[in-house]
Each structure stands twice: as structure tokens, then as C-alpha cells.
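If you look up TrEMBL, you'll see Cys72-Cys136, Cys85-Cys146, Cys116-Cys126, Cys252-Cys262, Cys380-Cys390, Cys496-Cys506 marked as disulfide bond. Look at TrEMBL and you will find 46-147, 176-287, 311-410, 420-529 tagged as domain 'SRCR'. The annotation signal peptide is assigned in TrEMBL to 1-18.
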Amino acid sequence: SHSLVILVRVCLLQFTYSEFPALSEPCRLGAQSDTELPPGTPIIQLRLAGDKRKHYEGRVEVYYNGEWGTVCDDDFSIHAANILCRELGFVEAVSWSPSSKYGKGEGRIWLDNVHCSGRERTLAQCKSNGFGVSDCKHSEDVGVVCNQRRIPGFKFISSFTNSVESLNVQIEEVRIRAIYSQRKRVPITEGYLEVKDGGKWRQICDEEWTEMNNRVICGMYGFPGEKGYNTKVYKLLAKRRKKNYWDFGVNCTGNEASLHGCKLGHKVELKGNATCEKGMPVVVSCVPGRAFAPSYTQGFSKAYRVEQPLVRLRGGANTGDGRVEVLKNGEWGTVCDDSWNLKAASVVCRELGFGSAKEALAGGRLGQGMGPVHMNEVECSGFEKSLTECYFNRDALGCSHEEDAAVRCNVPAMGFQNKLRLSGGRNPFEGRVEVLAEKNDSLVWGTVCSDSWGTMEATVVCRQLGLGFASNAFQETWYWPGDVRADDVVMSGVRCSGTEMTLAQCLHHGKHLHCPRGGGRFAAGVSCSESAPDLVLNAQVVEHTTYLEDRPMYILQCANEEHCLSSSAATATPSSYRRLMRFSSQIHNNGQSDFRPRAAHNSWVWHDCHRHYHSMEVFTHYDLLSLNGTKVAEGHKASFCLEDTQCEEGKEYECANFGQQGITVGCWDTYRHDIDCQWIDVTDVVPGDYIFQVVINPNYEVAESDYTNNIMKCRCRYDGHLIWTYNCHIATLCLDDSFAHSWHYYPKQLHEVVSWNAFKLTAFIC
């Protein structure tokens, strides 16, 4: 039987030559003989194997003379890596790795001392010691990382079978073709599975088709699982329609990230109408995750989404991307990237209602977390319902947050990007926001009212378009001339929580538009960025530095001018005292880009009393709350000096001589307890138990990758003389469950709201 891995076949490309060969025309589709290679060129087959985190990287393995083997790293170069990656259907190589980075291979070491000029069509044409002639060990097996962009026509490709004399077979594309009654559904979850071969769409015979094959197809299309379907309907349709079968079967284990990782099944004998006479064309039926289901009652409600989630993603720009965090003993922590691979990443993705994993990211690529590292050396079979069911080492010694694991998951094609666009910008990452809306029974492009338009709304726009994080939100866009036919406002009153997948899921006015300033030059705009900062407060520093100080009013005049004291200070005499709850705050930037004030240096506000500039008028809020959440005292801190107090590497921002302000990635800014306004005025507070809360960037003035970790709270006891803070921790901002339920699943009713005042966004701290 044909049991070879479905790989990219050795396609005979026509190259134009420069420093590296460039593809001049796509490969001819379908079968192709090997006679175009110079006579005597060995016929080989390639694959990427081993301990890898992406489908486009791995240990190089060569199939020759009926046996798989490896390639030695001696004299290997980027030229050889380029040839190899192009043979596998990728546009080029990014890098190559010596010394068995992806694990030691087995069997023969087929090639050693490989020398390529970069002009060869196949690795077999490069000079070497000859097949099987090597003095290397498997500790010297070479690996490569290819550019994930594929050569046109190489999206999903199978290779020739174990019989090297047989013809090569190429698959250009794969699709799920819905029957007529389901074609308007979004997402498409059910239909005939078809492959494009030789420019024609072909069905696959289901005689050898398995549930594991379904699992792989559903996973690559963004669905966590598969389900049964009405076979009678499809059998009836199959009898009526002319069928065009593909001449191979497929055999998947269920763990493959996509179809090209599966093995090639038996060759199907094509006999016209008698082909696949004991079966019918393959039909795939998938179940979407709850976030993508057409209604609340559909999708995974129990199997893949427990009531109290144990795993979550944080810090990702797009839906299905993020740093993996696990809940243990009531505390969220991260996962160390040791042994982190696609199997473990796919378990996470499916658990959260997505498909299989596209990438298993390591090295804190999507930002560094806080708190403990809960899991290390995770090993999954790929079929666990939760990451917590996988084997792992509880000892995370030697793991830091620089090694936090992350994932990028396959998500369903929802068509969100077709309903929104940015117009007039200098580049694709900025512009006036234009929405496709229904008007007079037709779809037209129009603008969004900019009243109260802010960072949260911009965040949703950038996510919907797949452009990363919000960088800025604009309430005037006269400098971005968009399409004048789209000047009219078609959406107003937009209020987002920042977690929505589309702008349409945010609260808005619906048909009853209200936009006094109108569209055109006052339409909403955004700029997006591929990275963003992420500020997190060190809760332990706050807990360990809190104390009370009685300070005379006459030396607090500057603080009073900046509204850092309670309202009763306005009538206090200069000789009276104010009781201040002082503490230090250490704020880390754990994101992927520097935290910079939104305002330009020339627009910072000068405060003459303190003799310094404020780059952000409100950088933090300090609140003392009763146990039922009522505010009893408050304070705030302007960012008069955002700088790198301490860094893991070099400092970039210093406030001396009115320098630039900001917090570099990996650095922290410390506001000491003994500076003005680093307090809460508790003069009027009666003794008792309270909650002490600190909120960073409370007005979302600067975009971040994760706002949920901007809040810290402590339990606090005040006896009239001393104050104690304990159990300080990073809290989470949550939507009220009942509100979130109605918001996401009954949008039509909510979108008819005429004014925002009719629906206040209720939030609380977890």
C-alpha cells in the first residue's frame, strides 16, 4: 500500500537566475514526468521531520533507494536550504540549523558535505560526497526553517509513492463545498470535500475515509471537532451529479496540522461511473467553537468549553493567537516552552473552540506573562480534551517568562475582513474606517461617527482586519481623503469592550443614527501596529511599601493644585495635617513594543508649581473601596516622568533634561513612595476593612496588547493609627455574565438602542 507522507513533490520549475533563482512561472498542474531533469540525476523525496513547532521547519530527511535518511550539517549553507525549501513548495529558506536542533534522525545519513550554488532544481543536483558516503553521526543532522509563504500552486501537495518510477501528483487546493441550501451559512461547516488537481476540482472516494481524516480537515479549517451528517441527502445528490474522483485516498492519524502532513492512501482505480462503486464522495461535517457558532445553542458548550476555563490566551493581536496561561490553585500562570510543539498547541486551540494549531511559539514571542510558571516539558498525545490532561513536569526550575509558550490557531473563515476597510491612509495599517452597511435595500460603504471613538473601538477594527493591535484612534480624518461616495455616516454610537471580533458586535445605534458632527472630515479613523506594549504592576512591591504619613498642609500646596488630595483639603488651614497612605509602584512593560505617551513632546503640559511636564495627565488611578465596592477615597498620578528605572538590557528613556519619556520592553518604571501624589489621602476615612485598588492607563489613552492585567487590588485594614495591606494581586476586568450573554447572542435588539445611556457597560473586578 502507499504509506508515504503527503509531502510536496519535486516540482520541475523553470527559473530565472540572479543571486538566487526566482520563480518565473507556476508549476504545471497535475502529473509530470521526471525526464526534464538532466539524465542520471537521482530521484529523491524530501520532508521536514523531528521535534518542530511549525509545519515549515524541521530536520531534513531524504527518501532515496526505498529508505528515509538524513543530511549532515558539514558544509551545509543557505543556498542548499533555499533549494530544499523550494522543493518543498516554500518560496525560500529563512535559516538553517546544525547539530540536530530538531532531534536525532534514524537510518542512513544520505548526504554529507553538500555544496549548492543556488541554481539547482533539486538537492540531488548539488555536489556532495555521494549518497550514503558520510563520516557523520545523527548528532550532526541538519534542519531548516522555510518562509511560510508558498509558491503558487503548492498549497497542498502529495508526493510520489514508494514506487519511485510512478508519476508525481500535485494538489493545488482543498475546499469544503457546501450544498445549495447551506452555501449562505457563515461559517461553512459541512459539505463535499474536494481537491483541486490539474486545474479541476475532484472528489475523494470515502471507501477508506476515516474519522481521523475528518478531524484533520475540520482542524485546518478552524473547527475543534467533527460530527455526523444526514447521509441520505448526500447519497441522493451524489446519484444525480456527475462525479470526478481524485485518484488517491488519504490516511491521517488525526494529529496532523493540515492535509499535507497525512499519508497517501491507496491509488484509486478510475473506472468512469463505476469508480468508488461501494462508496460515495467524502462529506465532512464540522462543529464550530461557540464564538463562531450561528447561534448560542450551537457549537461546543461542554466538551471544549468548561464553565470555569482552565486555559486562556493572552497578548495575541488576532483571534486565536496568544500566550498560553493556565489556572492552578486560583492563580493564573504560564507554560514553559521546553518540549512545546504542535501537538500540545493543538490541544490548547481545540480546547478553546478553535481548530488545530498553525504554530507553537516559543521564547515569549507573544509577550511575557506574570506570576508562576505552572507547566514545563508538556507532552500531549494530541487527543486530550484539555492541556491540563497532558503529561508535564511540575518543576519549572530554570524556566523564566522569557520562555513563555504561545500558540497561533486556525480559525474559521467568517468573512469579517470583507465588511470593513481603511481608506486614504499612507499605508495599509492606517486610514479612515469605512463599513459596508445596508441602506435602501442595498449594500453601501460609509463612515463611522467619531463621537466618543477611542482605543477600544480601534482595537476591534484592527483585529477584524487582521492588522494587529491598535496604535491610535482618530476623531478627525481630514488628512486621509477617502472615497467621497463613502462620506455618509452609516454607524454611530459605537462602544466596544475591546474583546469583540467585529465592530458590528459592539454596541451601536442601529438604524437610528445620531452623529451631530457628521462624517467626512470628522469620520473615525485608526492606525494599527503589529506589536504593542503591555504594562503590569508589581503587586508585591505595593504590598511591602505601604505605610501612613501625617503631613502638614503648608508643604502640600503643589499636590493640592494637581488635585492629589481629597475634597476636604480645599477648606483646610495651612497648619492642619493630612493623613496619607503612601506606597511605591513598580510598573513593568511585558509587551512587544515600547510604552510611549500618546501626546507629542511639544504638547505636554507644564506644571509650574512642581516644575515638570506631564506627558499623560492621568497615568494611574489609586482608589480605596469599601468591601461592597463603594469608593471612599481616591488619588491619581500624572506621568511627569515615564522612564526606564531598571532594565534587563540597556535603558532608552530618561527624564533628565526634559528628555523623551516611555518604558522600554523588558524594563520597569518605579514611582517611589516619597514623591508627591504617590498616595491616597485617607484623612476622612474611618477605621475598618477596605480594598485598595490601582489601575494603570485607566482611560486606555495608550493602546496595549492586554488591558485585563492593568488592575491590582489588595485587602486593606486601617485601625485609625496603622494600615496593613495583604493579599495583593493582579485582578481581571470582567464583563457581567448576563450582559455579555445578551450582548453577543442577541445583537439585533441591542443594536437598536438609540443612546449609550440606555445600556451602561457593567464591569467588575474578578
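First residue shown is number 1, and so on along the chain.
Each Cβ is built from the backbone N, Cα and C atoms, and glycine gets one as well.
With every protein chain in view, the residue among the disulfide-bonded residues Cys85, Cys116, Cys262, Cys390 whose Cβ has the most Cβ partners within 10 Å turns out to be Cys85. Taking a C-beta cut-off of under 8 Å and a sequence gap of six or more, Cys496 (disulfide bond) has these contacts in its own chain: Met456, Glu457, Thr459, Val460, Leu503, Cys506, Leu507. A straight line from the CA of Cys116 (disulfide bond) to the CA of Cys252 (disulfide bond) spans 34 Å.
Averaged across the domain 'SRCR' (176-287), pLDDT for the predicted model comes to 83. In the shown protein chains, 24 other C-beta atoms lie within 10 A of the C-beta of Cys72 (disulfide bond). Remark: of the disulfide-bonded residues Cys136, Cys252, Cys506, the most isolated position is Cys136 (fewest other Cβ atoms within 10 Å of its Cβ). Counting residues of the domain 'SRCR' (176-287) by DSSP class, helix then strand then coil, yields 32 helix, 33 strand, 47 coil. When the C-alpha distances from Cys85 (disulfide bond) to the disulfide-bonded residues Cys72, Cys126, Cys252, Cys380 are tabulated, the minimum falls on Cys126.
For the disulfide-bonded residues Cys126, Cys146, Cys380, the ranking by surrounding Cβ atoms (within 10 Å, all protein chains) places Cys146 first. Within 10 Å of Cys136 (disulfide bond), counting CA to CA, the disulfide-bonded residues Cys146, Cys262, Cys390 contribute nothing.
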